[in-house]
Amino acid sequence: MAAMVAGALRRGSGYGGGGFRWSSHLLAQSLRRFASTLVVAEHEGGFVKPSSLSALAAAEAIAKENKISVLLGGSGPSLHKAADHAASSHPLVSEVLIADSEALAHPLAEPWAELLHSVQQKGGYSHVIASSTSFGKNMLPRAAALLDVSPVTDVTAIKEPRVFVRPIYAGNALCTVKYTGEDPCMMSIRSTSFSPTAEAMSETKVAPITQVDLSFLSEGTTGKSTWVSLTSQDTERPDLANARVVVTGGRGLKSAENFKLLEQLAEKLGAAVGATRAAVDAGYVPNDLQVGQTGKIVAPELYMAFAVSGAIQHLAGMRDSKVIVAVNKDADAPIFQIMGSLRIYSRFSMNC
């Protein structure tokens, strides 16, 4: 591939002042033609998570002719059920790679980075994509270090195979960056910026499933960290990162008891519950409900913010919401200053 791209550059170099632009155009075309992407997917309950389906949509944005491989790890029947789901999840998926091992049953960065390093060495992919989840943020930099490349993080748009848009300054500005390093181009994507495909899959168009060689795994691979436990809340409410409606409370609610009123509202609306960092630090709710720069990034159809002042770190996590309703007794709260660019706003008086 490198030789072909170099040849394209040489052919474009003789067009006078437009030579550089022509070379860039040929380079982009060549990269699209030879693109092959590995998507590191997460799964739960036998299904690929929505955030990973968004990563598949991002892989399609790189090139319509892209050959996509999906990497799944774990153990047991749920892994194989998720593999069946991944095999029919997107028309461009050409193969599903499964790594069936207890060492990969939990999202530990060390064994997963070694797995990704081994798969990339054998597959020679041009791109590697993961979602900007806690798992992706933990695993991708370590794997990039093993491959001696620099990852591009929090990608929100793909202009060319190696030209991306990502937010900076807590989402207040968008930066267009070009990756100029060696293959693979590794990136994490914001799942809220890429919509999973709605195209119906043919029953005959199912990608083959292949077992990954795990001979590289050893005790030393998993010795630096140990899985202890997973604590989660049993609730029928939708997942915060993928909910259509999110009800969020801030420190202005003043107590955990007042926060329960929002939970009741969320149950009525079939919504997820979120919180600001200040509310989490005050102990009103657990930190897995935090929305913002250091929490979860959400983009629901309706975002309801109660007693949320609108700190810049919080706005970075919800500014892509389609409709925002802010409920605050302070008419000068910063959150109202961004409402004009975010479709709608409402001001109500609230006493907590």
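Backbone N, Cα and C define each Cβ position, glycine as well.
The FAD binding site annotation in TrEMBL covers Arg251, Thr276, Arg277, Gln290, Val291, Gly292, Gln293, Thr294, Asn328.
What TrEMBL records for 37-221 is domain 'Electron transfer flavoprotein alpha/beta-subunit N-terminal'.
Computed over the domain 'Electron transfer flavoprotein alpha/beta-subunit N-terminal' (37-221), the whole-number mean pLDDT of the model equals 90. With the fewest other C-beta atoms within 10 Å around its C-beta, Gln293 stands out among the binding-site residues Gln293, Asn328. Residues Arg251, Thr276, Arg277, Gln290, Val291, Gly292, Gln293, Thr294, Asn328 are the ones the record ties to FAD, and the longest Cα gap between any two of them is 23 Å. Long-range C-beta contacts of Arg251 (FAD binding site), restricted to its own chain and to partners at least six residues apart, with a cutoff below 8 Å, comprise Thr276, Ala278, Ala279, Ala282, Tyr284, Ala307. Neighbour count (other Cβ atoms within 10 Å of the Cβ, all protein chains): 30 for Val291 (FAD binding site).
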